[in-house]
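Here the structure comes first, spelled out in structure tokens, and everything after it is commentary.
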């Protein structure tokens, strides 16, 4: 078994470079899919090293593309690598890698947003949540277009301990636009503090481990790329249903430059908004003049606990959506205007 943090000396046989693979199969990054290829194997090796000791591990790679990170993972002497690729143009190049590493690489043509990874690996790999993380890892250079919805989906999976987390506290090492990576890891009070910061950090230990300059990718994106490592926490810092936490956090940050009471007010119908917002803040012991980025995880825990009690008192409250109330108000206003116009005619 390789020493922690080092790649195995068992390496793939000589193969065409990633750049040659791109030419051989006439591959082009598709702008609509926000694809950017990472060609420098020193950087793909670094991503894999930062994922931890992968010797004899089971790895799920999302969005392998032409196979740069895929090679580095295989060179780490994993037990098995499962790749899920939506774009059929990349399959022949991945099959070439599969032939070079017999029995190691499993290729699935599918969409990472719908693929059932919980059925992909052996039941024997499952570990109790309280134990160390299982020997299962998720690694990926995510297309920018899916990175945020995918990490939110996986965070909900962590909350429910399903999906890739049926095996236990599966670790993830993923790429994001640098700005998104900074938001995921941002501390309380930081300018980058956002909805993503709270949603990720109440469930995981989040580390922005290094940044890759945009010039390392082909085509060069307009932004640099951050590599982020996630380790699910044994005990979430907010013990409430994911959808409830998400609703509270989303409402707070939709007015990120205003005082926090502005966004919290949108949790309540207009008729009771002022009264209920004041009650929520008082019971949660939150200063209403704090900005959203000044709220810590413990602040959000208090807000979620009080909001949960208020929802228990009024079962219709959680379903309330201020945008729908606003839409209905606009419809009624237009109907009145149309009626007035008809009356004049």
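Keep in mind that glycine also has a Cβ here, set from the backbone N, Cα and C atoms.
TrEMBL lists 36, 38, 63, 85, 111, 141 with the feature S-adenosyl-L-methionine binding site.
Under the heading domain 'Ribosomal RNA adenine methylase transferase N-terminal', TrEMBL lists 43-234.
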Recorded S-adenosyl-L-methionine binding residues, 36, 38, 63, 85, 111, 141 - maximal Cα separation rounded to whole Å:
20
Under 8 Å Cβ to Cβ from residue 141 (S-adenosyl-L-methionine binding site), same chain, six or more residues apart: give me those in sequence order, or none if nothing qualifies.
36, 38, 47, 63, 65, 68, 69, 175
Rank the binding-site residues 85, 111 by the number of other Cβ atoms within 10 Å of each Cβ, and give the residue at the low end.
111
Binding-site residues compared (36, 38, 63) - highest count of Cβ atoms within 10 Å:
63
Per-residue pLDDT averaged over the domain 'Ribosomal RNA adenine methylase transferase N-terminal' (43-234) comes to what?
94
